[in-house]
Amino acid sequence: MTVVTALIVLGVLALAFGLVLGFAAVRFRVESDPIVDQIDALLPQTQCGQCGYPGCRPYAEAIANGDEINKCPPGGQATINSLADLMGVEAKPLDAAHGEEDVKKVAVIREDECIGCTKCIQACPVDAILGAAKQMHTVIAHECTGCDLCVEPCPVDCIDMVPVPVRPDNWQWDLQQIPVKNVESSH
Amino acid sequence: MSAATKAIEAGHIWTFPGGIHPPERKDRSNSTPIEVLPLAKQFIVPIKQHSGPVGDLLVAVGDNVKAGQPLTQVGINNALPVHAPTSGTVSAIGPGRIAHPSGLTDTVITIDADGNDEFYSFAPLADYTSLSRAELLDRIRQAGVAGLGGAGFPTAQKLALQRPLDYLIINGVECEPYISADDRLMREHAQTIIDGTEILLHIAGCEKALIAIEANKPEAIAAFEALLPNYPQLALRVVPTKYPSGGEKQLIQLLTGRQVPSRGLPIDVGLVMQNVGTAYAVAQAVLNGKPLIERVVTVTGDNIAKPGNYWVRIGTTVAELLNQCGFEPVADSKQEQRVIMGGPMMGFTLPDLDVPVVKITNCILVPSNQELAPAAEEMNCIRCGACADVCPAQLLPQQMQWLAKAKDYDGLEQQNLFDCIECGACAYVCPSEIPLVHYYRKAKAEIRNIAREKAKAEVARERFEARQERLEREKQERLERHRKAAEARKKAQAEAVAQGGDNPQDAVQAAIARAKARKAAQAAAAAKQNQEGDDE
Ligand code: SF4
Ligand code: SF4
Ligand code: SF4
Ligand code: SF4
């Protein structure tokens, strides 16, 4: 008799926990694919499309589905290495077919040449260009990712990509760079 | 009262780990009174001389200014203003070399002195206790007072943190070799420093201040001992001579035995610290309304004929200052003369002598190569462990050096790289001449940059997603509009037909028929003309 009671009690318990777990699985399901989020977090978010996908997130999805990890030039070797760590694969050099690693740049519109055509606004993946039809346009420098996509569409070629300026607060303490010079006495 | 508080009250001095005893060489500059130098002809005032946002400009090129007139304003972002060091004309505003190890430029205001040194009108204050705390803080901020001891953190901002305080610590330790600016200030202006300390106590809402002086400054100690009996809320603490006992966390450990947590602030353990020079500047700002436009600078080193301490207006160029102090560069022209801003341990070599003295400049050191050997060739680490023995922050400098060279930034953060106060004790004892602090500074800058890039990428991701959403929404809206317009057209048509009017469809047919008729008529006319032509 005791054996039967024990069996019944255990059976009821198993059922109850099964229900709780089943409910939790449905109720607290993680919506998006966590691996895509993790990959996306490693990509530089320049949104330049050099990888062949329309932005970083689509490339993250492609990697999750087995694409190569060495197609992102803005991220360069550092990104490839961390992607290799995450995916548990061998790091490889950047695929030159997609471009080369370059210094960080920012777009600058030569404002007196701008004709206000709004073509660059439509090209910018992060809405970093400000302007309206027939008005002079300008780039919000700290929002610009340096993706280069606005340069091509400009009909009067008035957008330049310039390297991000070095300021005292983002300077890298490279003492070799200091132009130490001979100091002469002035008496 | 707990045992620990009792010990603090009784004047117990604790110890901190590590530390070194480099040659002090303070006697060259500390025996003569602080001198006032003739005014320079031109001043260069960088608009950023502190940590934090910069103020908006209040002057334009061509404006006449008076000594002490604000050049930038506090404004909405609560910036720290800078002031004109003398009267004259603003001759330029633009990028100029600043006193920074990078030798980079920043916005500077150039003032051509008129030689009259006319002062802007200041409002002295008889009784500061009549003002509210906020008004006093504003007075200190308007006067441009920043911590004169180190990184130039705005004083008002430090005082604005309203948290329970046990002690205010006034730091007169000045442990770095060569420098004697605070020493001379304490000897000659102890009363003003005490006034400033009382104001600081009043603002901080704190009962008691500890004034800390290193044992190697007997005259400064005597000056305070003579005055302090009248001030029961102030107590003097003499700390043993050891470098870096003037470091914020080290001094707190010496005076109270408390440890500021990693990445924490002194206020986390109920303390706040101000430098003696800052206390002096606060007294000037609150009592006399005088902004921070001059400070004491030690000019010293073997290649200076007249070493000593000088009242230097902010914005005086280093070249001008050295000229007036009898600068004799090394005779051998093949060798470079180094000019160091700050002391030999924590200072940096200037890229150029046309940079101005700023609020945080405490010393200009012009050493000969005998007294301060130029950096030697770096050799391999022999794992002697000397660096770990002297590190006051109890870090593992050797380990951090390997990690920094390997660019292992996660590892460096685990080793608490950000607790390194860059005191240079480790590099001082390293037998392999490894510029350890240089590696740490570079790694810190790199880690900060990575964090900045990450934050920027986060913003870019959000903006990209927001844009994708907007494009999608606009597409839907467009489709919706087209659908609505088509529906409205159909409805209007149906209504028109129902009311017995022309079916627009019929109108179209009629128009097509008319067009056909016209074409036919034209063709006929043309044929007729052709015929007539043939007839002729
Ligand atoms: S190549 Fe451009 S779009 Fe592609 S992942 Fe890299 S930054 Fe993003
Ligand atoms: S402004 Fe030009 S370079 Fe910058 S993010 Fe927009 S499209 Fe790219
Ligand atoms: S510089 Fe940093 S690591 Fe070196 S002794 Fe000082 S606190 Fe320690
Ligand atoms: S003192 Fe220099 S040589 Fe010795 S362990 Fe430290 S880094 Fe290495």
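Using N, Cα and C of the backbone, Cβ positions are placed for all residues, glycine too.
Residues B:C381, B:C384, B:C387 are recorded by TrEMBL as [4Fe-4S] cluster 1 binders, and the candidate that the same record lists for that site, out of B:C175, B:C206, B:C325, B:C430, is B:C430. Take the binding-site residues B:C381, B:C391, B:C423: by the count of other Cβ atoms within 10 Å of each Cβ, the lowest one is B:C381. Residues B:C391, B:C420, B:C423, B:C426 make up the record's [4Fe-4S] cluster 2 site, and a Cβ search at 8 Å around their centroid adds B:G18, B:C387, B:V390, B:P392, B:A393, B:L395, B:P397, B:I421, B:E422, B:G424, B:A425, B:L436, B:V437, B:Y440 from the same chain. Close to B:C430 ([4Fe-4S] cluster 1 binding site) in the fold, though at least 6 residues off in sequence, lie B:A386, B:C387, B:L436, each with a CB less than 8 Å from its CB. In this structure, the binding-site residues under consideration are B:C384, B:C387, B:C420, B:C426, and the one with the smallest number of other Cβ atoms within 10 Å of its Cβ is B:C384. Taking the centroid of the Cβ atoms of B:C381, B:C384, B:C387, B:C430 as the [4Fe-4S] cluster 1 site, the other same-chain residues with Cβ within 8 Å of it are B:I382, B:R383, B:G385, B:A386, B:P397, B:Q398, B:Q401, B:C426, B:V429, B:P431, B:S432, B:I434, B:L436.
Counting in whole angstrom, B:C381 ([4Fe-4S] cluster 1 binding site) lies 12 from B:C426 ([4Fe-4S] cluster 2 binding site) by their C-alpha atoms. A Cβ distance below 6 Å to any atom of ligand 3 is met by none of the binding-site residues B:C381, B:C384, B:C430. According to DSSP, B:C426 ([4Fe-4S] cluster 2 binding site) sits within a helical segment. For the domain '4Fe-4S ferredoxin-type' (B:411-440), the predicted model reports an average pLDDT of 91.
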